[in-house]
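Q: Handing you this structure, nothing more for now.
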Amino acid sequence: MPGCPCPGCGMAGPRLLFLTALALELLGRAGGSQPALRSRGTATACRLDNKESESWGALLSGERLDTWICSLLGSLMVGLSGVFPLLVIPLEMGTMLRSEAGAWHLKQLLSFALGGLLGNVFLHLLPEAWAYTCSASPGGEGQSLQQQQQLGLWVIAGILTFLALEKMFLDSKEEGTSQVSGYLNLLANTIDNFTHGLAVAASFLVSKKIGLLTTMAILLHEIPHEVGDFAILLRAGFDRWSAAKLQLSTALGGLLGAGFAICTQSPKGVEETAAWVLPFTSGGFLYIALVNVLPDLLEEEDPWRSLQQLLLLCAGIVVMVLFSLFVD
C-alpha cells in the first residue's frame with residue numbers, strides 16, 4: 001500500500017487472493033459432496049420404508065390373517081358371554097328389586113357374586129400371574145422374593161386405583177354411589193377381558209387347536225363370573241337390558257388384548273404384560289368384592305338368611321373351583 005510504513009503490507013494483496021481461492025475450493029468440494037449425502041440419506045430412508053413395509057406385510061400375511069380372524073372371533077365370543085345372565089335372571093327382576101322379596105333375591109345373587117369374585121381372584125387371576133412370572137424367570141427357576149413382592153405391589157396398586165376412582169367420582173347421593181360401584185366393576189371387567197384377549201391370541205399364535213381349547217376354557221370360566229357381575233350391575237341401579245349392554249361393551253377390552261398380542265408376535269411380550277395386568281385386576285376385583293358387595297351382606301340381621309348368604313358365597317367359590325379343575 002503506498003505510503004504505508006509497514007514492511008508486510010506489500011504482501012497483503014497476494015495473501016488475500018490465496019485465501020479467497022482456498023475458500024472457494026473448499027466450498028466447491030463441500031457442494032460436490034452434498035448430492036452424495038443426499039443420496040445416502042435417501043437410500044437409508046428407503047431401507048427403513050422397506051423394512052416397515054415388510055413387517056406390515058408379515059403381520060397381514062395369509063397365515064397371520066387367519067390368526068387375526070380366529071383371535072378376534074375368540075375374544076368376541078368371550079365378550080358375548082355377558083349376555084348369558086339374561087337367560088338366567090328372570091325378566092321381572094328389574095321391577096321386583098323395589099319390593100322386599102326382590103331385594104332379598106338380589107342379595108342372594110350378590111352372595112353368589114361375592115364367592116365368584118373371590119374365587120376368580122385367588123383361583124384364577126393370581127395363579128395365572130404367578131405362572132407368568134415363573135415362566136419369565138431366567139431358566140424357569142421359579143419366583144424370586146422380589147418378583148413375589150412386585151405381584152403384591154400390583155395388587156395393592158389395583159386396590160388403591162379403584163379407591164381413588166371411587167373417591168373422584170363419588171356422588172353425595174346414595175344412588176350415585178351405587179352407580180359408581182357398577183362402573184368400577186365394568187372397568188375391572190374390561191381389564192380382565194384384555195387379559196383374556198391376550199391369552200386367546202397367544203394360543204392361536206401357537207396353533208388353532210390350542211387357541212380353540214383356550215377359548216372354550218375361558219368361556220366356561222366366565223359364565224358364572226358374568227352372572228355375578230350382572231348382579232352387581234343390578235344392585236347399582238341398572239335395568240336388565242342396560243346391564244347387558246354395558247356387559248357387552250367390556251368385550252372391547254378382549255379385542256384390544258388380542259390385537260396387542262398379535263402385534264407383539266412374541267410370547268415374552270404377552271407374558272410380561274400379563275404379569276402385571278393380572279395382579280392389578282385382582283386388586284380391582286378385591287376392592288369391589290370387599291368394599292361394594294360385602295357391606296350389603298353384612299346388613300342382614302336374620303340368622304337364617306345370613307346362613308343362606310354364607311352358603312351361596314361358598315357355592316360361588318365351589319363353582320369357580322370346579323371350573324378351575326376342569327380347565328386345568
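Heads up, the Cβ atoms here are built off N, Cα and C, so glycines get one too.
Just lifted these from Swiss-Prot, have a look:
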{"type": "TOPO_DOM", "residues": "1-7", "note": "topological domain 'Lumenal'"}
{"type": "TRANSMEM", "residues": "8-28", "note": "transmembrane segment"}
{"type": "TOPO_DOM", "residues": "29-68", "note": "topological domain 'Cytoplasmic'"}
{"type": "TRANSMEM", "residues": "69-89", "note": "transmembrane segment"}
{"type": "TOPO_DOM", "residues": "90-108", "note": "topological domain 'Lumenal'"}
{"type": "TRANSMEM", "residues": "109-129", "note": "transmembrane segment"}
{"type": "TOPO_DOM", "residues": "130-149", "note": "topological domain 'Cytoplasmic'"}
{"type": "TRANSMEM", "residues": "150-170", "note": "transmembrane segment"}
{"type": "TOPO_DOM", "residues": "171-199", "note": "topological domain 'Lumenal'"}
{"type": "TRANSMEM", "residues": "200-220", "note": "transmembrane segment"}
{"type": "TOPO_DOM", "residues": "221-242", "note": "topological domain 'Cytoplasmic'"}
{"type": "MOTIF", "residues": "221-226", "note": "motif 'XEXPHE-motif'"}
{"type": "TRANSMEM", "residues": "243-263", "note": "transmembrane segment"}
{"type": "TOPO_DOM", "residues": "264-273", "note": "topological domain 'Lumenal'"}
{"type": "TRANSMEM", "residues": "274-294", "note": "transmembrane segment"}
{"type": "TOPO_DOM", "residues": "295-306", "note": "topological domain 'Cytoplasmic'"}
{"type": "TRANSMEM", "residues": "307-327", "note": "transmembrane segment"}
Q: In terms of Cβ proximity under 8 Å, which residues at least six beyond the ends of the transmembrane segment (200-220) contact it?
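A: For the transmembrane segment (200-220), the far contacts come to 66-67, 70-71, 74-75, 77-78, 81, 254, 257-262, 265, 267, 270, 323, 326-327.
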Q: Sort out the residues at least 6 away from either end of the transmembrane segment (307-327), same chain, that have Cβ-Cβ distances under 8 Å to it, and list them.
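A: The answer is 107-108, 111-120, 123-124, 217, 220-221, 224-225, 228, 297, 300.
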Q: For the topological domain 'Cytoplasmic' (221-242), give the DSSP counts of helix residues, strand residues and coil residues.
A: 18 helix, 0 strand, 4 coil
Q: Counting each residue once, how many in the topological domain 'Cytoplasmic' (295-306) are helix, strand and coil under DSSP?
A: 8 helix, 0 strand, 4 coil
Q: Same-chain Cβ contacts of the topological domain 'Cytoplasmic' (295-306) under 8 Å, 6 or more residues past its ends?
A: 104, 107, 110-111, 114, 235, 313
